[in-house]
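Let me begin by presenting the structure, written as structure tokens, before commenting on it.
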């Protein structure tokens, strides 16, 4: 606990942010988020939007895998459901953007509930593998249900339009995505202050005890699946408005692995972990681009970029699992703790 | 309507051929699981490394194929031992999910390495198998598939006899279920770990060479591993016999799906079988049922 | 087994002696009356329970009653089926025959979460706390079934969820944390706590369920003298202040004989004695179960001899 922050009420003790220093930092973050789009160029705005989408999806996966302990390799597939729903609604009904996003979330949630149904009988690794199966089946559906998904060529998505303003640049999409993502993250944080979130953690740690305490396992596992795939669906919908084309190849198994890696690297089971992990994993390819560009190489740098990225990706997963299983958020916390005591350290 | 029996038979035989390779790779997987309790999702990539090492030795170093194969298999074995020592051993005692994710990471690294050295373009292995068409009755079997099947069958037969009659089979299971106790019983646990990964990598390499010979090699060969995953779930994660039976079964099913419905239905069929098996008999046909103690 | 008999004889002897120590305290707090099962409707009834695993019968035709407000203990040598009995009452094992009745209602077919909602709370032999959470969160989980926050409430938090959480927090702090004296560790992750404290947190969590009957599986296993006395004190207080019926499995004879109103003895899955502590102690079947068959006085002779020689 930070020095000099005595709590005077239970409400104070349970708050998300609880000291004046934290409020100050939050204010600075808020100002930074508001000011960023005005100082950043197209490239950085593009990245910011991508980061927002990834944070939303990673937070969703974290609820399922980090907090409830149900490993899923299907996050990309659920995003795909969300993306296709949004694309189809936009194309066929022309319904408002926010409604489309909600619809994307709901349809993805239904998918999540179906995939989660076996989770009572099928546990651990077997459940993870069944989510791979779900991904394969969904990919097949995306590629072959021509009437709805447009088959292999997919669907092109018109730019999002709200109140007559067309969101066709990264600058404009930023103002749509960032608030949505912030709401989703706060929602997740709130979840774990209540009995629902606690029940999820209980299921992860010792599901037999959870049952003895009266938590109906199937209902809560389904709830977790539903919630995390809702998040994925909304993130997928945002993805659709961002890239403006949705094809069956847009959401491969590799992307599910990307998100799983993001929460492992960031720190499973913590809200901050999903955020840090998503940011880190999105930035790493960009950082690699820079590094590879600087290196004096005889061959064309761009040729080796892709394989190097793949290797680094795998190495990050292995490295963090072996050396820092608590992830980036643990490193962050250690740095913070150091600075809490900094002037007084011997 | 005149049913095309010949077509069916040929599809069936092709399926058996593919199934034999699935069974062989599944054998490698089961060996790792039996000895170390690790679900190795990188098995497809280990297969790929074997194929590429062979390719590299044969083309870049101009070794005769037989020598290239032998050296590639041995080198793969060593690579397997290195992987185990560097990435798996430190994860001893961690949750199975974490170890599973480590193998996912390893798979990614292997794919990246292959793409770095050989680019992602598909290549062909130099020919080394007899080219004369093989006819079983009236049915035509691609020669490479046939000889590949023979090799796979031979290796599996050897494995089955070894596990049936070798004392070490028990040591293997002991190490997997309780490392501490196995250690105090005098079983050299680290050596069992290294050995199992080495041998498994070698088997995967052989499978890789055959798969490469049949269909060429590419950096996406690892997707073979997904079908093998289904095979071991259906057969039972720790059952050699299960690997054999399920391997052939899945091979035939995929072939039938591909032949009658179309190529894109292959993976779908395989995974639908997986879903059914997970619901009805999650421990597979021959796997041992783990009981949770309250 | 032969080597254990002197120990067990002395254990029983110690138990009889220790009884006098704590008996006075117990008489003070509980008003001294032993509760007679059968006079009031039993809160828990087990009838003709048989449980088999393949060919092995873990429980054979076990039946007894637990009176409301009593402290009932199940004892028996290792492997007698005590934990299996608990697991069956909790709902994890399905008995092949027999019924379980809670407050008159047949719960044999009810699933564990529903039994918790009815008021059946239980602790485990190996500590079953949730290691990823703090003490406070673990305790709050006990109240899960009685809370009503749903997902949408939870996501928005301000409003119903926060109100419920604050009420919960207040009640947990004032009634449970103070009662069990664990306020100094409330924010600590449970994994760093000592064994004795973890057991206490587990009891706190069980209490948060507002149970009608509290099933404790070896509550003082592995504890030293002081911790055992603390736990015994808490159990008595729980019964007296909260009106909770206690059903426990225990090996510590001193605690059993002194605390219990009613003792049930199992051996090889069968019920061999059922009555007050004094009755059970005198029961020859019980002595045979713990000490093996053979003449007791002859064994005593042999014991004196071995002790004299210098064993």
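Keep in mind that glycine also has a Cβ here, set from the backbone N, Cα and C atoms.
As given in TrEMBL:
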- A:21-38: transmembrane segment (TRANSMEM)
- A:44-63: transmembrane segment (TRANSMEM)
- A:70-89: transmembrane segment (TRANSMEM)
- A:95-117: transmembrane segment (TRANSMEM)
- A:124-142: transmembrane segment (TRANSMEM)
- A:173-192: transmembrane segment (TRANSMEM)
- A:222-242: transmembrane segment (TRANSMEM)
- A:254-280: transmembrane segment (TRANSMEM)
- A:311-328: transmembrane segment (TRANSMEM)
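Counted over residue pairs 6 or more apart, the CB atoms of the transmembrane segment (A:222-242) and the transmembrane segment (A:95-117) come under 8 Å in at least three pairs, which marks the two as touching.
Of the Cβ pairs linking the transmembrane segment (A:44-63) with the transmembrane segment (A:254-280) and spaced 6 or more residues apart, 3 or more are under 8 Å, so the two regions touch. Residues 57, 60-61, 64, 95, 99-101, 103-105, 107-108, 111-112, 115-116, 119, 124-125, 127-128, 131-132, 134-135, 138-139, 142, 148-149, 154-157, 204, 221, 224-225, 228-229, 232-237, 239-241, 246, 248, 250-260 of the same chain, all 6+ positions outside the transmembrane segment (A:70-89), place their C-beta atoms under 8 angstroms from a C-beta of that stretch. Within the chain, the transmembrane segment (A:254-280) has long-range Cβ neighbours (under 8 A, six or more residues past its boundaries) at 51, 54-55, 57-59, 61-62, 65-67, 71-77, 79, 131, 135, 185, 188-189, 192, 201, 204, 313, 316-317, 320-321, 326-330, 332.
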